[in-house]
């Protein structure tokens, strides 16, 4: 094991360094007597440990900063009042202050250092060193990142360093021009991240995802917020993009296929690869019967977050009194059907965009042209039904660039261009799959959606007769094996087709209005014609 010298980072007086602890050591450290506050880990009936993260039960997007310097000023997709995103600029002197604050917090203490990889491809992976003072934070990154072999650990040289000072606060934040006492800051040039005053584990996971989203596309590698799977031979790769609630995890966890990963992937000349070594699943309302894979993954070495646990260790997955964003992290080998030994597979043949359309307009499946692929990828659309005060349910649209706007560091058109380049090279086809509602007022059944996914993966959809849907110019199949053909043209699900037309016009206008922000460069302007035409 490499000798870890923290003095080169300005961290001095360390009383003990626990370097890449075993799961046994982590369990002992996070459940031992004498821990206080959010350091405490509680053993549960399933063997997994549960921890609480305080007021931050999710990411803190208003407190995310990137240092603006010569390297980043012209490459990062900066937050602007006109087109807001999470990339707030930070001055170099403010960075020096917050980094110093984090280092001071970590001095003169027992520390945990976890060296791990982000990225399953050895050529482009990032070697990351996490320096934390809390045992369960070391456990979290041990679960979520790819663990080095003994030999790799011996010669480990980090490309990137993360300082987690969750116990510190930026007390003079107003003077520094920051949003609050909490700060999650990145320096792209020095390759460092600082976390202050938030205990949420996901800041470390999504922090590294954001950084992969910066470095990889600049090397010509597609970086994607998606799940991915392959057939039982580890071939016929499929990628599933989709925002929360669209079925990304459900549809990629398929008993007939092998999981590559559930959230973050790259696509280079060798194929598709996972960034992670674990999964971070939502567990609110988790049911053993409907999601057995996730339920069975919650055992010793898994780490629950913000779940309600009784004194006797009994878990209440229904309780959302702390947060709806209750989570579990576990190493990917807790899932049986996975691609082994490395979470990677050949170039994708099928790319699926999942949208849950609450407007009832989009077809259950559309075969996209390359231009439509870029347009709908940039749009990143889904919609949910939100109750209004009179009990009427109104659809609320969400447009999130590339189905992952919160984690994009470059202009969204860069991600779209890289994805299409890779698709053209592998001959991949893209599909827009609506897992939402239609004119019946009911959600499209999971049986029909699975039938559609099966037809895409088998290639049957390419042999099906098709027709065009007006306004959107979508090509849709008129029949597919195992799918109710009465739903394939959404107009057929309305008693009166003019009702679909009115809703379609409304949704088309929303797409067009949202897309204006991408027309600030030539790549974006060229795609307007691929969107809805009124």
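Using N, Cα and C of the backbone, Cβ positions are placed for all residues, glycine too.
Listed features, source Swiss-Prot:
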- 59, 200, 206, 327: substrate binding site (BINDING)
- 206, 225, 263: Mn(2+) binding site (BINDING)
- 206, 225, 242-250, 291, 327, 443-444, 449: ATP binding site (BINDING)
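Structure coloured by features recorded in Swiss-Prot.
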| residue | record | Cβ neighbours (10 Å) |
| --- | --- | --- |
| 59 | substrate binding site | 20 |
| 200 | substrate binding site | 26 |
| 206 | substrate binding site | 23 |
| 225 | Mn(2+) binding site | 24 |
| 242 | ATP binding site | 26 |
| 244 | ATP binding site | 13 |
| 248 | ATP binding site | 22 |
| 250 | ATP binding site | 18 |
| 327 | substrate binding site | 23 |
| 444 | ATP binding site | 27 |
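Apart from 59, 200, 206, 327, the residues listed for substrate, the same chain places the Cβ atoms of 58, 201, 202, 203, 205, 280, 325 within 8 Å of the centroid of those Cβ atoms. Cα-Cα distance from residue 206 (substrate binding site) to residue 263 (Mn(2+) binding site): 10 Å (rounded to the nearest whole number).
For residue 248 (ATP binding site), the binding-site residues whose C-alpha atoms fall inside a 10 Å radius of its own C-alpha are 263, out of 59, 200, 263.
Under DSSP, residue 59 (substrate binding site) is assigned to coil, being neither helix nor strand in the three-state scheme.
Cβ proximity to the Mn(2+) site centre (mean Cβ of 206, 225, 263, cutoff 8 Å) flags the following additional same-chain residues: 205, 209, 264, 404, 407. Note on proximity: of the binding-site residues 59, 200, 225, 263, 327, the one nearest residue 250 (ATP binding site) is 263, by Cα distance. Checked against residue 444 (ATP binding site) by C-alpha proximity, the binding-site residues 200, 225, 327 yield 225 as the nearest. Rounded to the nearest whole angstrom, the C-alpha distance between residue 263 (Mn(2+) binding site) and residue 246 (ATP binding site) is 13.
Candidates 59, 200, 244, 246, 327 (binding-site residues) were compared with residue 225 (Mn(2+) binding site); none lies inside 10 Å Cα-Cα. Remark: residue 246 (ATP binding site) has 354, 355, 356, 382, 435 as non-local neighbours, by Cβ distance under 8 Å and separation of at least 6 in sequence.
Secondary structure at residue 200 (substrate binding site), as computed by DSSP, is coil. Neighbour density for residue 263 (Mn(2+) binding site): within 10 A of its CB lie 24 other CB atoms from the protein chains shown.
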